[in-house]
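Here's what Swiss-Prot has on this protein:
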- LYS109: N6-(pyridoxal phosphate)lysine (MOD_RES)
- ILE291, ASP292, VAL293, GLY294, GLY295, GLY296, LEU297, GLY298, ILE299, ASP300, PHE301: substrate binding site (BINDING)
Amino acid sequence: MTNFEPKKFKNIWTIEDSISSYNIDKWGDKYFSINSKGNISVTKDIKSENKIDLFKLVKELKSREINPPLIIRFNDILKDRINALHDSFLKAIKTYKYKNIYQGVFPVKCNQQKNVLEKIIEFGSQWNFGLEVGSKSELLIGLALLENQNSLLICNGYKDKKYIEIATLARKLGKNPIIVIEQRDEVKRIIQAVQELKATPLIGIRAKLSSKSSGRWGKSIGDNSKFGLSIPEIMLTIKELKEANLINEMKLLHFHIGSQISDIAVIKDALQEASQIYVELCKLGAPMQYIDVGGGLGIDFDGTKTSSNTSTNYSLQNYANDVIATIKDSCELNNIKHPTIISESGRAIISHCSVLIFNVLGTSHVSSKLQIFDKKNQQLIISNLLDTFYELKKLKNKKINLSQIIELWNDAKKFKEDCLVAFRLGFLSLAERAYAEELTWACAKEISNNLNNDEINHPDLSEITETLASTYYANLSIFKSIPDSWAINQIFPIVPIHRHLEEPFCKGNFADLTCDSDGKLNNFIDNGKIKSLLNLHKPEEDKDYLIGIFMTGAYQEALGNLHNLFGSTNVVHIDINQDNSYKVRNIIKEDSKSEILQLLDYSSASLVESIRINTESAIDQKKLTIEEARKLMDQIEISLRKSSYLSE
């Protein structure tokens with residue numbers, strides 16, 4: 001019997017090795033690091049020394065029966081992101097002597113959770129931070145939550161008569177809704193609402209820019225973009241507003257160049273075009289006050305600071321500087337008063353504060369043991385595989401001849417294919433096929449254990465790592481908790497939240513609980529590169545192996561679905577105290593199975609009664625005892641009250 005142990009790369013593994021391997025110091029933005037115990041630590045804000053141990057926090061939450069999978073939201077990080085955004089604009093305003101202010105709004109679509117929006121409004125109150133809404137439902141949220149009469153409520157999206165009427169009348173409540181015209185037919189509805197309600201709204205226009213964008217959301221800009229008015233349509237709209245005596249309510253120009261813009265050059269081009277449109281609107285007689293630069297402010301998911309889809313080649317300060325400088329230059333060249341600048345920076349505000357934690361349920365991997373059988377009793381094609389295995393074993397501890405190893409690996413693959421053909425034709429038994437596969441894995445392991453990282457990544461050998469990789473079964477639904485990973489291949493930082501004093505010598509990916517082949521995580525950040533496997537530890541028996549998915553605060557909860565009827569996870573809001581302790585502010589309990597079924601119009605009582613009738617019939621037919629029936633019904637009723645996720 002031959003045993004194959006996992007390959008260890010270093011004699012001593014350090015915290016610095018883990019930080020480098022998972023690129024934590026790059027994407028973590030100083031909010032996340034590793035403490036002396038080898039656990040992920042979370043910092044109150046980027047200027048603070050106050051930290052808590054994430055692994056310890058999760059263990060203590062478990063003692064309260066708040067179990068993974070769960071979302072942990074750090075209020076202090078959310079506050080710090082809002083502060084950082086405003087501080088960057090304040091610094092840019094001072095540097096460029098800009099003669100107006102920055103006033104941000106948060107796009108509700110990024111995260112509609114009540115506790116989140118309340119905190120954003122609270123933390124941004126000193127700057128009159130507002131909200132951006134894109135539907136009537138979101139409009140109602142904005143009207144209910146925004147109490148600061150100096151805050152703005154930017155009204156985007158498709159607008160029917162009722163939407164416009166609500167926004168128009170809300171102005172009489174002391175609110176500041178600005179109805180942004182995004183479709184030509186909205187002009188007629190606004191004019192009609194003014195005539196019927198005897199009230200006037202604040203009005204804005206969204207422009208379709210011709211500047212080219214980039215990345216996944218590049219089509220948000222251009223002549224064929226979903227929203228906005230072309231230049232001829234803007235001219236016609238201004239004419240109609242003048243004729244309706246509404247030009248004095250025209251206050252805002254809005255544009256949007258897409259989400260997660262990775263290249264600052266794209267932002268600069270759009271700003272130059274939009275600034276000139278703003279200037280021309282002023283010249284046409286509109287008493288403009290605001291320019292809303294929309295969203296697009298990206299974050300560095302992978303820590304590479306490049307223009308890839310998962311990164312940005314600019315900082316928060318670079319962004320603010322370019323916004324302020326470009327708008328100032330255009331206005332001053334035309335003797336136009338500097339406008340108040342608005343941005344709808346959702347992802348940059350909300351992403352960092354949320355961490356999704358899940359536990360690993362188990363693993364699957366190729367067999368670590370090989371039973372050696374006598375060659376005399378083997379068929380020729382299996383004997384060939386066995387010879388290849390012995391040839392590879394002879395190379396152990398010898399000077400590496402890479403071309404020889406590549407040749408032997410190609411032989412092993414060819415012999416395995418021959419075995420598969422023989423099996424299909426009925427010449428090999430199932431046991432013989434199994435032995436052939438084990439021999440192939442054994443060849444791969446011999447090669448892996450004899451080569452360094454650079455050698456094993458040779459194009460002719462790179463598949464060996466994939467062959468030997470483990471699948472880690474995750475107690476979560478990708479479709480519910482991180483749908484962007486499935487839908488658009490978004491890369492999120494994924495890191496074990498403990499055991500960083502140990503070398504993660506396993507290579508693996510994750511499979512979720514759903515019965516769907518797309519329910520896998522197989523794109524990871526590794527030393528700043530995107531790879532299909534992650535460095536992981538071997539789970540310890542009867543101990544949790546806990547993984548964190550970071551920067552998940554934007555869009556994921558809103559977009560998540562009920563695939564296989566896995567519902568919402570536990571959500572916990574945490575404040576970090578000055579003494580490095582924490583306070584649990586809010587707990588939003590996970591969906592029970594009963595609650596999930598109710599969403600689909602299934603009554604738990606009816607389901608239970610239907611099953612009870614079946615058990616009575618089974619008792620009558622002596623297929624089930626009364627005791628078995630009672631136990632079955634008890635388990636069903638208990639299960640309906642419990643989580644849709646797996647428990648211990």
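Positions of Cβ are set from backbone N, Cα and C atoms, glycine also.
Of all Cβ atoms in the protein chains displayed, 22 besides its own lie within 10 Å of the Cβ of ILE299 (substrate binding site). Neighbour count (other Cβ atoms within 10 Å of the Cβ, all protein chains): 27 for VAL293 (substrate binding site). Per Cα geometry, GLY295 is the residue among the binding-site residues ILE291, GLY295, LEU297, PHE301 nearest to LYS109 (N6-(pyridoxal phosphate)lysine).
Residues near ILE291 (substrate binding site) in space but far in sequence (CB under 8 A, at least 6 apart, same chain), listed by position: LEU252, LEU253, HIS254, ALA274, SER275, TYR278, ILE327, PRO339, THR340, ILE341, ILE342. DSSP gives ILE291 (substrate binding site) a strand state. When Cβ atoms from all protein chains are considered, those within 10 Å of the residue listed as 'N6-(pyridoxal phosphate)lysine' total 20, not counting its own. Other Cβ atoms within 10 Å of the Cβ of PHE301 (substrate binding site) number 24 in total over all chains. According to its DSSP assignment, LEU297 (substrate binding site) is in a strand. Neighbour list (GLY295 (substrate binding site), Cβ cut-off 8 Å, at least 6 residues apart, same chain): PRO107, HIS256, GLY258, SER259, SER343, GLU344, SER345, GLY346, ARG347. On its own chain, LEU297 (substrate binding site) has ILE261, LEU316, TYR319, SER343, SER345, ARG347, ALA348 as residues at least 6 apart in sequence with a Cβ closer than 8 Å to its own Cβ.
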